[in-house]
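Here's the structure we're looking at; comments come further down.
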Amino acid sequence: MTLQYYTLNNGRKIPAIGMGCWKLENAADMVYAAIKEGYRLFDCACDYGNEKEVGEGINRAIKDGLVKRKDLFITSKLWNNFHAKENVKKALMKSLSDFNLDYFDLYLMHFPISFKFVPFEEKYPPGFYCGDGDKFIYEDVPIIETWRAMENLVDEGLVKSIGVSNVSGGLLEDLIKAARIKPASLQIEHHPYLQQNKLVEYAQLKGIVVTGYSNFGPLSFLELGNETAKKTQPLYENKTITTIAAKHGKTPFQVLLRWVNQRGIAIIPKSTFPNTLAVNLHVDEFDLTKEDFEEIAKLDRHLRFNDPWTWDKIPTFV
């Protein structure tokens, strides 16, 4: 099959469909199998805690001649404890070392939130640990300071593109105005319960490619014990979604992915089982109708599952 690509504002191209590596079991083998299946985009992060394993799968595939490094698009993310300018490159180099790679194609600021620095030898990845039990400790690091340090990574050839994740439209606009290197990509929670139409439209108007995560809505957050997810009807059981799926002879999951992808948004679903790799990769081989889109639009509840306000009343989206 021929992969579809979106063009970033620096001329580089990102596949429209990739694999998300959050909570990916048997990561090395799954990544290797995904490359063999035809995947070229892998969405990763320091916070996922499996960059060594993902890197192992990537390097094994390269060594076996399945693919060349230049044909892959590897995304990683800067975690909250490493936002101070003196720590950004350290965090990047740690991730590159774990991957055994020389560069990332895209490096995202995971959240616009700055926690206290935690040395790698103390706890890595630190997650929500800030050096004092379960207590959140913050550093007064403005976003632009972190961004300037990320721009330097581009200058040094350590990353090809930089972007942001989990930000509001106002913060994105402010960053665009102040940035020397504009954000190339925006990654957001995106599903029919949280459509974020204005943010998506604004980013696309600015030439920023949007990637949507958690396209199945509450499903991704159930294993985290998310109370909102527990109380929400799974999208794959929603009558609107199941009706559209039956009409097209597809599964509800395929409809949910195609809805995102058909809006010009990249998707990065996790594949837990090898037999779902091909299904997800070929999700662009059918089209939803205008009527399908109109029905799905009615499902928007502005319902966010990944909300830092629930962590510690962090006002990322208030």
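Including glycine, each Cβ sits where the backbone N, Cα and C put it.
What Swiss-Prot records for Y48 is active site, proton donor, and it gives similarity to another entry as the kind of evidence. Counting every protein chain shown, the number of other Cβ atoms lying within 10 Å of the Cβ of Y48 (active site, proton donor) is 21.
Secondary structure at H110 (substrate binding site), as computed by DSSP, is coil. Marked as substrate binding site by Swiss-Prot: H110.
Under the heading NAD(+) binding site, Swiss-Prot lists 165-166, 214-223, 270-280. DSSP gives S165 (NAD(+) binding site) a strand state. Of all Cβ atoms in the protein chains displayed, 22 besides its own lie within 10 Å of the Cβ of S165 (NAD(+) binding site).
Annotation source Swiss-Prot lists site 'Lowers pKa of active site Tyr' at K77, citing similarity to another entry. The C-beta environment of K77 (site 'Lowers pKa of active site Tyr'), restricted to residues of the same chain at least 6 apart in sequence and closer than 8 Å, consists of C44, A45, C46, D47, Y107, L108, M109, H110, S165.
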Distant-in-sequence Cβ neighbours of P218 (NAD(+) binding site), under 8 Å, six or more positions away: Y193, N226, T228, A229, K230, T232, Q233, P234, L235, F305
Rounded to the nearest Å - Cα separation of F221 (NAD(+) binding site) and Y48 (active site, proton donor): 14
Candidates K270, F273, T276, V279 (binding-site residues) - the one closest to Y48 (active site, proton donor) by CA: K270
Residue among the binding-site residues N215, T276 whose Cβ has the most other Cβ atoms within 10 Å: N215
